[in-house]
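Q: Sharing the record's features from TrEMBL:
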- 257-311: coiled coil (COILED)
- 6-28: transmembrane segment (TRANSMEM)
- 40-62: transmembrane segment (TRANSMEM)
- 90-111: transmembrane segment (TRANSMEM)
- 123-148: transmembrane segment (TRANSMEM)
- 208-241: transmembrane segment (TRANSMEM)
- 333-356: transmembrane segment (TRANSMEM)
- 376-403: transmembrane segment (TRANSMEM)
- 423-448: transmembrane segment (TRANSMEM)
- 476-495: transmembrane segment (TRANSMEM)
Amino acid sequence: MGDFNVALVIVAAVVSVLVLLVSVYLLINYQHPDDANQAYFPKLVVVLGITVAVLSILMLPADVANRQACRRAIYSGACSLTLPMKTLWLAVYIADAVLVFLVIPFAMFYYEGDQDKSVGKRLTSALLWVAVSAVVCGLILGILYGLVGKVDFTVRHLSSAVETFPNSFTSFSSGQPCISTSPRQCSAYTAPANSQTTWTMRATFPEYVVALATIVGSVLFTIFGGVGIACLPLGLIFSFVRRPKAVITRSQYIKEATELGKKARELKKAAEALHQEERSGKKGRKWRKNVKALGKELVLLEDDMKALEEMYPQGEQAEATWALTVLGYIGKLLFGAVGLIISIAWVAHIVIYLLIDPPLSSFLNEIFIKLDGVWGLLGTAAFAFFCFYLLIAVIAGEMMLGLKLVFITIHPMKWGGTLMNSFLFNVGLILLCSISVIQFCATAFAYYAQATAAQEIFGHTLQSLRGIKYLYKYNVFQYGFVALAILTLFYYAIFGWRKRKPTGRFQLSN
């Protein structure tokens with residue numbers, strides 16, 4: 001077992017370094033050319049945020065592996081070179097909360113500030129917004145903690161009589177192995193109904209802050225994750241269905257390019273009008289609504305331009321470009337098919353293991369345990385993959401709803417074309433939802449992740465907080481997740497195969 005513990009510590013160190021390198025790689029390849037050689041502080045925040053988010057998801061599989069390293073020990077401390085999981089969880093949660101509620105908002109306010117202002121004024125403005133937000137959040141947290149920051153544990157008072165130690169053991173047999181001659185029933189079974197009571201205690205403030213952050217993240221995770229678990233694979237599959245079947249003619253290309261040029265000029269004119277309103281201080285609700293609508297139109301315009309370039313490849317290697325396009329759509333179909341299997345497995349597991357009481361089967365828990373029997377970390381790797389899939393589904397759901405609903409600001413992630421404010425927004429969303437993903441996975445895979453530090457954190461304390469416990473008692477988040485996944489499935493079944501029609505002339509709301 002000692003060798004396994006050493007290997008686990010080495011793997012954890014190597015994976016941490018790899019995650020940091022991957023975060024830097026994603027930043028370099030996704031950033032917009034306009035942000036090259038500038039916006040260094042937002043970039044540092046993005047790299048740090050991605051690293052913390054990924055490591056927080058990997059913490060749960062590491063917690064399981066850490067427990068398995070000590071499964072033959074009486075307690076975890078009896079093992080040598082194990083990971084201090086409770087300390088690591090605390091460090092991750094503190095870093096997560098600081099990034100989501102302080103650092104990322106400051107970076108976004110600074111990045112989106114008026115570029116005509118000096119650096120000092122932009123820093124002052126960003127600090128002011130963050131300070132106001134922190135004061136408001138602090139007041140809300142303080143009031144809620146003072147009023148309902150208590151934990152209600154349901155307990156049962158049990159007592160039993162004392163039996164005289166026997167002088168002879170001849171009366172014992174397989175049918176009567178107990179000292180007492182009464183029927184073999186435990187005190188909890190024979191205790192009267194009035195023995196059950198509620199034990200109330202004040203929760204610690206850090207626990208309450210984590211609980212409320214988990215609730216906020218769970219609401220976002222239920223909405224975006226429920227939609228994303230279906231639209232992530234189905235979007236890839238229907239992208240193959242709507243793919244260009246053949247290369248268009250030059251005359252068709254010129255016609256379509258002319259229409260896109262007209263659209264681009266309209267959007268440029270609208271953007272200039274909004275910029276003038278911003279300079280004049282007319283940044284009301286109508287202005288914000290128009291900015292969101294303009295952002296969605298720009299995203300759709302870029303998609304139309306990309307689709308046109310795919311249908312009419314140019315250059316000396318046009319045939320090779322078209323072949324790569326065809327292979328790309330085949331790859332989307334394959335990844336979509338695999339993703340659909342994983343999504344179905346997730347939804348089926350939630351229904352079978354969480355929504356039906358008692359559970360029909362432990363399903364994925366048993367699969368992970370059997371994979372661990374094949375190789376020590378194979379089940380842990382599969383476990384980590386399923387948790388990561390949920391996080392990717394959250395981003396997919398946010399992108400889909402951002403295009404469909406006007407009150408959601410869209411922040412697209414595009415290879416070589418992602419601005420820092422979109423990067424910061426998505427990293428903040430990932431960090432906020434990562435806590436909920438961990439809690440969700442710890443609940444969904446409670447059989448596999450039993451006796452871990454995460455299960456202690458997300459166990460009875462979180463699910464017994466006054467006013468919050470009913471959300472977990474009645475599986476509100478799980479029902480919402482499954483319901484939105486089914487609705488998204490029906491949406492794609494009805495509208496997914498249709499190609500998007502041009503939106504026509506864009507006009508600002510009056």
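Placement of Cβ uses the backbone N, Cα and C atoms for every residue, glycine included.
What TrEMBL says about a protein is an automatic prediction, not a curated fact.
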Q: Residue list, the transmembrane segment (40-62) vs rest of chain: Cβ under 8 Å, 6 or more residues beyond ends.
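A: Apart from its flanks, the transmembrane segment (40-62) reaches 8, 12, 15-16, 19-20, 22-24, 26-27, 31, 83, 85, 88-89, 92, 95-96, 99, 103-104, 107-108, 110-111, 380-381, 383-384, 387-388, 391, 420-421, 423-424, 427-428, 430-431, 434-435, 437-438, 441-442, 449, 452, 454.
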Q: Between 0 and 100, where does the mean pLDDT of the coiled coil (257-311) sit?
A: 80
Q: Between the stretches 6-28, 123-148, 376-403, which wins on the count of C-beta pairs under 8 angstroms to the transmembrane segment (208-241)?
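A: Answer is 376-403, with the largest number of Cβ pairs below 8 Å.
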Q: Would the transmembrane segment (333-356) count as touching the transmembrane segment (376-403), if touching means at least three Cβ pairs under 8 Å and pairs must be 6 or more apart in sequence?
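A: Between the transmembrane segment (376-403) and the transmembrane segment (333-356), which are separate recorded stretches, there is contact, as judged by 3 or more close Cβ pairs.
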Q: Quickly jot the same-chain residues contacting the transmembrane segment (423-448) by Cβ under 8 Å, restricted to those at least six beyond its ends, or write none.
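A: For the transmembrane segment (423-448), the list is 27, 30-31, 42, 45-46, 49-50, 52-53, 56-57, 59-60, 64, 93, 96, 99-100, 104-105, 107-108, 111, 210, 213-214, 216-218, 220-221, 224-225, 349-350, 353-354, 362, 364-366, 368-369, 379, 383, 386-387, 390-391, 394-395, 398, 409, 411, 413, 454-455, 458, 462, 477.
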